[in-house]
Amino acid sequence: MKILSYLLVYRRFLLIVLTPLLLLPLPLIIKTKEAECAYTLFVVAIFWLTEALPLAVSALLPAFMFPLFGIMESKQVASAYFKDFHLLLIGVICLATSIEKWDFHKRVALRMVMLVGVNPAWLTLGFMVSCAFLSMWLSNTSAAAMVMPIVEAVAQQITRAEAEADALEMSCSNGSINPALELDENIECESSDWKEKEKQVNAPKHTVHSCIARKLSGSSGTSLNPIFVLNDEPFLYINWWRKSKEDKYSGIFKVMCLCVAYSATIGGLTTITGTSTNLIFAEHFNTRYPGCQCINFGSWFILSIPITVIILLLSWVWLQWLFLGFDFKNMFKCGKKKTAREEASAQVVQEEYKKLGPISYPEIVTLVLFILMTLLWFTREPGFIPGWSSLFPEYKGYATDSTTALVIGILFFIIPAKTLPRNSNGQNTVLGYTPLITWKEFQSCMPWEIAILVGGGFALADGCEVSKLSEWVASKLSPLGSLPLWLIILISCLIVTTVTEVASNPATITIFLPILSPLAEAIHVNPLFILIPATLCTSLAFLLPVANPANAIVFSYGHLTVMDMVKAGLGINIIGVAVVMLAIMTWIVPIFDLYTYPSW
């Protein structure tokens, strides 16, 4: 047992040491560049999947392994660690830093919830929409971390109001027993005198039970169903009723927590910059197929927005049905009086919004720059009309989405955070100059681990090309061409969806892109046919708290069990894969002319 305990404590160290040693026969026996590159790929992939080393540290291994094996020069490998993707990431993080610093995200989230209303089902949908919208432009983790405190406050207030209403129901009023406990509306206590009833309530337990027993039996109390009385203990129906109320409160917390975790992930699917997996795919595809230039912000948004909307709505229905039930009649009933729960929800949201005060100057500037960045992304190469990039015909392809992101991002370091206040004489008062964001604030938000991880993935992809490992893989995968195309896509989606539950999303997509690209080429299928659904499914990590950071943040609030997340996440995983398959076989096809094998 002592040895096992030592092995358990040092399991990561043993994995780090044994993995390279056990795989060492591969390059020693098969002395080819393909085998040496495969050895590097396996070592890095195992470290990524097990997280024996930090992801960024594992990503640095190709930087010294490729030069030692003679696959690539050190200068070549180093150039792979900083690409166009990193410039785009820097610009986006500048925007995210300003949004977080000036609390603009809270204003957006609360305003959306206020627009939707305070009906519990619609309130949940409001939180999902606001969180999904934020995660389109911020990281999924940031979106969940921003919205979750607001959701927690609203849920706490709902349960407090519900508890007060339930306490009133439990009390006796107007000379009758609490109607919530009546099994028949005609059941009443024998005495019509309120004081007599009060004496019965305060009497010993057997006296109260005999009164209830008489009412249930309809006789003098000689026969009583043993379900209701056990060893002269309190009426068991009361315990059941209380438990049902506790379950309802628990269900409210569970639905609201899960809606934040899942909508943060679902919203990230919508834009190229919404999640790191989309960015990794875009950079890999544009690097491997430079002649295409069809994957940009606008084209990705057009293909993914229907997917996001459908998955979001179906997830909302699934969570409501799973934990609270789905009452269409009450949801769509107009003009009804608000319940205690709805009043409490509205009060919390309005109080939180009032705390923000009127919109400030930095928030206005951040909003303007955000809209400007989005418009420039959409209008660079919209496809159906010439974009602003056509103004520079001699430099076609020079400007990318990262160009726009950097221009707007740098403005955050230039524009002052405060206007000049006026004194009593109407003259401007000179204050110290402070930009909208500072470098320290940017550094605190910049995900350097993701930046290095992506660089390591690009280095591995380049090594596979140079060593011709990708060609070897393609030749071995060519027999799969005999399978139906939809089955190949489905298999790849299910594989990445399974792996991403236990490995990080960026690591998963970085591992599979160099494998799936040669597969598409080997079976003479447009690579986008396989790469787009695989990329989208990589983000479908809903089953476990450790599957992605958004899940972990929500789980840390203590309202969920692992089984709650597994039960809910399994359904949303199935929904996600089904919607992605529907999309890739229908509306995505004409966008990229997928049934034509491209010349690039």
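From the backbone N, Cα and C atoms, a Cβ is placed for every residue, glycine too.
Caution: TrEMBL annotation is automatic and unverified by curators.
Now, the feature entries from TrEMBL:
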TRANSMEM  12-30  transmembrane segment
TRANSMEM  42-69  transmembrane segment
TRANSMEM  81-99  transmembrane segment
TRANSMEM  119-138  transmembrane segment
TRANSMEM  252-280  transmembrane segment
TRANSMEM  300-323  transmembrane segment
TRANSMEM  359-378  transmembrane segment
TRANSMEM  398-415  transmembrane segment
TRANSMEM  485-516  transmembrane segment
TRANSMEM  528-547  transmembrane segment
TRANSMEM  568-592  transmembrane segment
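Here the transmembrane segment (568-592) lies next to the transmembrane segment (252-280) in space: the count of CB pairs under 8 Å, restricted to residues six or more apart, reaches at least 3. In this chain, the transmembrane segment (12-30) does not touch the transmembrane segment (359-378); fewer than three CB pairs sit within less than 8 A of each other, excluding pairs fewer than 6 residues apart. Most Cβ pairs under 8 A with the transmembrane segment (119-138) among the ranges 12-30, 81-99, 252-280, 300-323, 398-415 are made by 252-280. Counted as Cβ pairs under 8 Å, contacts with the transmembrane segment (81-99) are highest for 398-415 among 12-30, 42-69, 300-323, 398-415, 485-516. Within the chain, the transmembrane segment (300-323) has long-range Cβ neighbours (under 8 A, six or more residues past its boundaries) at 121, 124-125, 128-129, 132, 251, 254-255, 258-259, 262-263, 266-267, 269-272, 278, 282, 378, 532, 536, 567-568, 571-572, 575-576, 579-580, 583, 587-588, 591. Each of 12-30, 42-69, 252-280, 485-516 was scored by its Cβ pairs under 8 Å to the transmembrane segment (398-415), and the highest score goes to 252-280. Comparison of 12-30, 42-69, 252-280 by number of C-beta pairs under 8 angstroms to the transmembrane segment (485-516) places 42-69 first.
A Cβ distance under 8 Å defines the sequence-distant neighbours of the transmembrane segment (12-30), meaning residues of its chain 6+ beyond its ends; these are 36, 38-39, 42-43, 46-47, 50, 52-53, 69.
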